[in-house]
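Per Swiss-Prot, these features apply:
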SITE      T44  site 'Part of a proton relay during catalysis'
BINDING   T45, I203  pyruvate binding site
SITE      Y107  site 'Part of a proton relay during catalysis'
ACT_SITE  Y133  active site, proton donor/acceptor
ACT_SITE  K161  active site, schiff-base intermediate with substrate
Amino acid sequence: MFTGSIVALVTPMDEKGAIDRVSLKKLIDYHVASGTAAIVAVGTTGETSTLSHEEHGDVVMWTLELSDGRVPVIAGTGANSTSEAVSLTRRFNDSGVVGCLSVTPYYNRPSQEGLFQHFRAIAERSDLPQILYNVPARTGCDMLPPTVARLAEIKNIIGIKEATGNLSRVSQIQELVNDDFLLLSGDDASALDFIQLGGKGVISVTANVAAKEMAQLCALAADGNYADARRLNQRLMPLHQKLFFEPSPIPVKWACKALGLMATDTLRLPMTPLTRAGSRVVRQALTDAGLL
């Protein structure tokens, strides 16, 4: 459940900005049918930063309800306050989620020791499997391999979503951790190379609109069929790149609407709708990928 193509699911909203349960079910059904390995609910792509705490919990619980055991659900529970991250995590202790994805604290930029103590505190207060999430471009904080290795010694810290795009991190972390510690890419454009170097999958933005293709890509790579995997990845590469043409999840929500996967591409401020120029670029990427 923690390997292969794991989607960082968008949070669909209606025209007034309320959570759209009908579209959420449609998205979940699409991922079940497409072979997505697991769903991350309310991560960065799910607009965690603009949801209230109540909405955050509601979306995770609705995702569990609507998936109805057909696909594992991972809850996004990161925060830049340790007490808040602990509270979010404990909220889902007996919910049915299979684990939590917890991003490094953002804006306050803790030291490596601060990062260690932050994640240790979360793990000590929940039995749920914890996946660390390192994305310095968004957080301003880079969790280095020696810190990851220290955290990997804690029983329920089972892996990391590594989204630096720096492929050398794979071997650097592998040298310091046990073989059962999961390395997951957080960068679609380099995910295939990441897997070839020893990663076990990707937590993917692209999978929101190319779920079947991303599941196939990961399966081919896991089987060692890199020639076919590369051909598929080459077709998807414009999509990997252009879904970040404007700040994510702006382009991917527009793409989900364009493919009929949800009713609107509504976002909440400070996220704004995709520009006309952006829509042309993303539409072309969808066409190049054979999705339109």
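Any Cβ shown, glycine's included, is placed from N, Cα and C.
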10 Å Cα neighbourhood of the residue listed as 'active site, proton donor/acceptor': matching recorded positions from T45, Y107, K161: K161
Largest tally of Cβ atoms lying within 10 Å of a Cβ, found at which of the recorded positions Y107, Y133: Y133
Rounded to the nearest Å - Cα separation of T45 (pyruvate binding site) and K161 (active site, schiff-base intermediate with substrate): 14
Inter-residue C-alpha distance, T44 (site 'Part of a proton relay during catalysis') and Y107 (site 'Part of a proton relay during catalysis') (nearest angstrom): 15
For K161 (active site, schiff-base intermediate with substrate), nearby residues of its own chain (Cβ under 8 Å, 6 or more apart in sequence): L101, I131, L132, Y133, N134, V135, L184, S185, G186, I203
